[in-house]
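> Sharing a structure with you now.
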Amino acid sequence: MNISAVFNALLVSIMAAVLWKHVKLLEQFYVIEEELELTRQSQELSQVRIDYQAALQALVEDGTRMVCSGRMHTDRVCRFESLCYSTEAEEFVFFHSNSSIMLPNLGPRRFQPALLDLSSVDDHNTQYFNFIELPAAALKFMPKPVFVPDVALIMNRFNPDNLMHVFHDDLIPIFYTIQQFADLDFESRLFFMEGWNEGLHFELYKFMSNKQPLLKEQLKTLGRLLCFTKSYVGLSKITTWYQYGFVQPQGPKANILVSGNEIRHFAKFMMGKLNITKDQNAAEAYIVLFSRSMNRLIVNEAELLLALAQEFQMKTITVSLEDHSFADIVRLISNATMLVSMHGAQLITSLFLPKGAIVVELFPYGVNPEHYTPYKTLSTLPGMELQYVAWQNTEEENTIAYPNRPWEQGGIVHLDKTEQERIKKSKEVPRHLCCRNPEWLFRIYQDTKVNISSLIQVIKSKTKLGSRRQKWTQGLYPGKVRESKCQASAQGTGEAKLFVSWQIPWNLKFLKVRDVKYEVWIQEQGENSYMPYILSQQNYTFSENIKPLTTYLVWIRCIFNKTLLGPFAEVLVCNT
């Protein structure tokens, strides 16, 4: 072998080593550049700085962690660490490692039908949330994640173009979900995953966070794999009061858990965001009439305005969602004496009315007010203290229908002639499910000539103008009665008496309560029935059906104002 060949071989080896080192340095440079870009993308989302390498290592080693509250998918909200979302697959991803936590660990029950509802609407099959599962090792074969450093609230808006749905389904539940979990506050970021665009009322959603809410479509611009360092998924439903008729005809929820106190607290928050100061000493009483411009019109609106002003000796003001800013509408309603409106989403603004105000809801011909009560239910929540009146047009000649419109605006020409005639002759829409019942749509989109004398008579008979605005203490419940005692006395062998006494509940001495009563149950031990008594005093001697040599169980509770039932005190065991 000549020296030239040896030299060439050595040179090739050196060149290969240098080239390999250069390639490795280039690869490392690209990795660093990619990580810097991913860090930059994270910084675009939030001002919170993130150590990308540490975040990636934590994701690989710890995987995803989940702890949920609630027993069923309909009442569950879940807290996640390192929940990820693939914008390509449009799927949430749970990465498993030896350190992962999944509570509850439901196995296949997670798909029956879902882990949770993404919106506050119960058990709607378009609102279900779930995730797919992967081992954390799969991250090696996936796009590098972009980390979201903000605490995220991930949810669906149910119908962001309808003001009633915006408030009832979204804004109020968001507000109280934030109150419920310590990690959530107004520095958290909202992620709307239902797929809608911003919608008509997006500015209202911005009040719920100091950071811009993000839509599902916008996530694709942030990266192929997003990982939320900390997130909450789902909404608390504790503030909702109405169900929309997906399973049974619409009506108030069976178990309403919210009061007017919470609704008014939310209203105060919103008014602050709208820069509205409530005028506690408004000099002039006035009536607000909601005007509609597209459908469900009041055809004699000007005449109605004049009649209301003359009858109640108040100024009347018209507002509309089309011609007034939302802030202006709330500013007017928050000091109004009366709000008059056709049935519709705009009536959700009644939650801004002052206590004692009157809500007048008008219904077209054939639409029974007792079947459609979201605003009646709101008005009559304990603590709302609004006076509610429903008026229905019962005169067919005072209605204008539009059978030739598209079906979604109440048209019925797409139906066969027999069905069209049946609907036209019908006097009342039967109870029905949501949401495309043609008879309901035909009637609800009618225009109405209001019988003014009939309406005024209904308002005057069911309300009291200038009614005293009660204080929230009227809705406070009594505590347990204290120091309950019983003493028996025998009257020969066949008769006995039972003297029972107790002290007032501890909280009663701090309250001004108009009516205080006590309910006493007496049950002979071993029997299923009991004898109930309602008493005004704090002691009583019972003789009716009291037998000697018998053991009686006695329960006592306090009642405020006939409806506020306190808890029973510990049972008394009394022997005659």
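Every residue, even glycine, has its Cβ placed from backbone N, Cα and C.
So Swiss-Prot lists these for the protein:
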DOMAIN    482-576  domain 'Fibronectin type-III'
CARBOHYD  Asn98  N-linked glycosylation site
CARBOHYD  Asn275  N-linked glycosylation site
CARBOHYD  Asn335  N-linked glycosylation site
CARBOHYD  Asn451  N-linked glycosylation site
CARBOHYD  Asn539  N-linked glycosylation site
CARBOHYD  Asn561  N-linked glycosylation site
TOPO_DOM  1-4  topological domain 'Cytoplasmic'
TOPO_DOM  26-576  topological domain 'Lumenal'
TRANSMEM  5-25  transmembrane segment
> I'd like the Cβ neighbour count for Asn98 (N-linked glycosylation site), meaning other Cβ atoms within 10 Å of its Cβ, all protein chains included.
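So the Cβ neighbour count for Asn98 (N-linked glycosylation site) comes to 8.
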> Looking at the glycosylation sites Asn98, Asn275, Asn335, Asn451, Asn561, which has the shortest Cα distance to Asn539 (N-linked glycosylation site)?
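Going through Asn98, Asn275, Asn335, Asn451, Asn561 one by one, the Cα closest to that of Asn539 (N-linked glycosylation site) is Asn561.
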> If we count other C-beta atoms within 10 Å, could you say which of the glycosylation sites Asn335, Asn451, Asn561 has the fewest?
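Ranked by other Cβ atoms within 10 Å, the glycosylation sites Asn335, Asn451, Asn561 bottom out at Asn561.
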> At the level of the C-alpha atoms, what whole-angstrom distance separates Asn561 (N-linked glycosylation site) and Asn275 (N-linked glycosylation site)?
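Cα to Cα, Asn561 (N-linked glycosylation site) and Asn275 (N-linked glycosylation site) are separated by 38 Å.
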> At a 10 A cut-off on CB-CB distances, which of the glycosylation sites Asn275, Asn539 has the highest count?
Asn539
> Whole-number Å distance between the CA of Asn98 (N-linked glycosylation site) and the CA of Asn335 (N-linked glycosylation site)?
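So the alpha carbons of Asn98 (N-linked glycosylation site) and Asn335 (N-linked glycosylation site) sit roughly 59 Å from each other.
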> Over the span of the domain 'Fibronectin type-III' (482-576), count residues by DSSP class, listing helix, strand and coil in order.
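Final tally across the stretch: 5 helix, 53 strand, 37 coil.
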> How many Å lie between the Cα of Asn275 (N-linked glycosylation site) and the Cα of Asn335 (N-linked glycosylation site)?
15
> Calculate the distance in Å between the alpha carbons (Cα) of Asn335 (N-linked glycosylation site) and Asn451 (N-linked glycosylation site), and round it to a whole number.
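One finds 27 Å between the Cα atoms of these residues.
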